[in-house]
Amino acid sequence: AWYVPCLASLETLQELCRKENLTCKSIGITNRSLKSYEVEYLCDYKVEEGTEYYLVKWKGWPESSNTWEPQKNLKCPLLLQNFLSDKNEYLSRMREGKALKVRNHIKALKPGVADYIVKKAKQRIALQRWKEELNRKKNHKAMILVENTVDLEGPPLDFYYINEYKPAPGINVINGITTGCECADCPAEKCCPKEAGFILAYNKQKKLKIQPGLPIYECNSFCRCGPDCPNRIVQKGTPYSLCIFRTNNGRGWGVKTLQKIKTNSFVMEYVGEVITSEEAERRGQLYDTQGNTYLFDLDYDSDEFTVDAARYGNVSHFVNHSCDPNLQVFNVFIDNLDLRLPRIALFSTRTIKAGEELTFDYQMKGSIDLTSDSADGLSPSRKRIRTVCKCGAVCCRGYLN
């Protein structure tokens, strides 16, 4: 489905709801806020006749309804803390490299400071709503957090969270498998991997034990084994709480883990729209003009299909490239044994500390399609504009492609 963004501002929608006495939780209009006043954020500050006042934006009310309130009337310590923190952050940035005198007893904020505080408050609310939306849509237990301490960038406007492949019309990502293993103990018996001619991918600790390039065959929905089977890993989704965060070196959003990840552990799956290679070629030329791409060739057996995570995807959409990555790509087969349509899983290549950014190499086999201009056998239409790499690794190649 294609979505059309609403052109009306949040304030306009709130005003319309109030006129019609309608509730809408997503824009802050509830039965409670229709009948009462709740502080959404603080916009400005002044001192008059020795009394401190804050300009209040009321939750569910348009900005035209903002009022100045004395501090003694405000019962919102966290919002006051955010206001002061944002003010100090703005002033500290303005003071960088300058010898400015700090006044502790200001009578009013300068317009630039107040404007920044309002933008930061709106961003904080937007990111909180986005975090709630992501956690509402995900199908795994681990949490997704969102963080931006770098700039005023808010949630991406044209990105929709999905948990599994979204096939384009005419593409079938489920091939109608109707049989599964009869194992009572999958690691010890002739399970799904052995039927496909390969070894079981995981050890007893549910860690990967095969080399990159080999496929993973997990037990499927028709297998006799239960949900605790050691050969059911990728299908359960990421087990780690992750944070989508704003990078401070111009790489946009990134992803970091909030928990320690051991070597050879499953971290996340790469999902998006499944399209033909011909459609990927057309989109790729458009993405080149924008300086980015999320095209991931499914080339385990052929190059017939590509995954495009530009508009539809999961947390992996935000994982950055590194020439020295801590994640490795593997092809996985579960309920679809079509070799042209593997699922793409990312596993840790080493121990990853809590708070460390997650990365993978866009030039990995079967990885994101950022083809070099000098690649052999490419037609002119398949050549890609070279993109400068900002990974910062000691072994950085200088370009993503």
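Each residue's number is its place along the chain shown, starting with 1.
Cβ atoms here come from the backbone N, Cα and C positions, even for glycine.
Taken verbatim from TrEMBL:
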type: DOMAIN; residues: 37-95; note: domain 'Chromo'
type: DOMAIN; residues: 179-237; note: domain 'Pre-SET'
type: BINDING; residues: CYS181, CYS192, CYS219, CYS223; note: Zn(2+) 2 binding site
type: BINDING; residues: CYS181, CYS183, CYS186, CYS191; note: Zn(2+) 1 binding site
type: BINDING; residues: CYS186, CYS219, CYS225, CYS229; note: Zn(2+) 3 binding site
type: DOMAIN; residues: 240-363; note: domain 'SET'
type: BINDING; residues: ARG251, GLY252, TRP253, ASN320, HIS321, TYR362, LYS390; note: S-adenosyl-L-methionine binding site
type: BINDING; residues: CYS323, CYS389, CYS391, CYS396; note: Zn(2+) 4 binding site
type: DOMAIN; residues: 385-401; note: domain 'Post-SET'
Summary of DSSP states over the domain 'Chromo' (37-95), given as helix, strand and coil counts: 25 helix, 22 strand, 12 coil
Secondary structure content, the domain 'Post-SET' (385-401) (per DSSP, counts of residues): 0 helix, 2 strand, 15 coil
Segment confidence, the domain 'Post-SET' (385-401), expressed as mean pLDDT: 79
Closest of CYS192, CYS219, CYS323, CYS391, CYS396 to TYR362 (S-adenosyl-L-methionine binding site), Cα positions, binding-site residues only: CYS323
Nearest recorded site to CYS181 (Zn(2+) 2 binding site) by CA-CA distance, among binding-site residues CYS191, GLY252, HIS321, LYS390, CYS391: CYS191
Cβ within 8 Å of the mean position of the Cβ atoms of CYS181, CYS192, CYS219, CYS223: remaining residues of the chain near Zn(2+) 2: GLY180, CYS183, CYS186, CYS191, GLU218, ASN220, PHE222, ARG224, CYS225, CYS229, ASN231
Other residues, Cβ within 8 Å of CYS186, CYS219, CYS225, CYS229 Cβ centroid (Zn(2+) 3 site): CYS181, CYS183, CYS191, CYS192, CYS223, ARG224, GLY226, PRO230, ASN231, ARG232
Cβ-Cβ distance under 8 Å to ARG251 (S-adenosyl-L-methionine binding site), same chain, at least six residues away: ASN320, LYS390
Candidates CYS186, CYS223, GLY252 (binding-site residues) - the one closest to CYS389 (Zn(2+) 4 binding site) by CA: GLY252
Tally of DSSP helical, extended and coil residues in the domain 'Pre-SET' (179-237): 10 helix, 4 strand, 45 coil
Distance check against CYS192 (Zn(2+) 2 binding site) for the binding-site residues CYS183, CYS186, TRP253, HIS321, keeping those with Cα within 10 Å: CYS183, CYS186
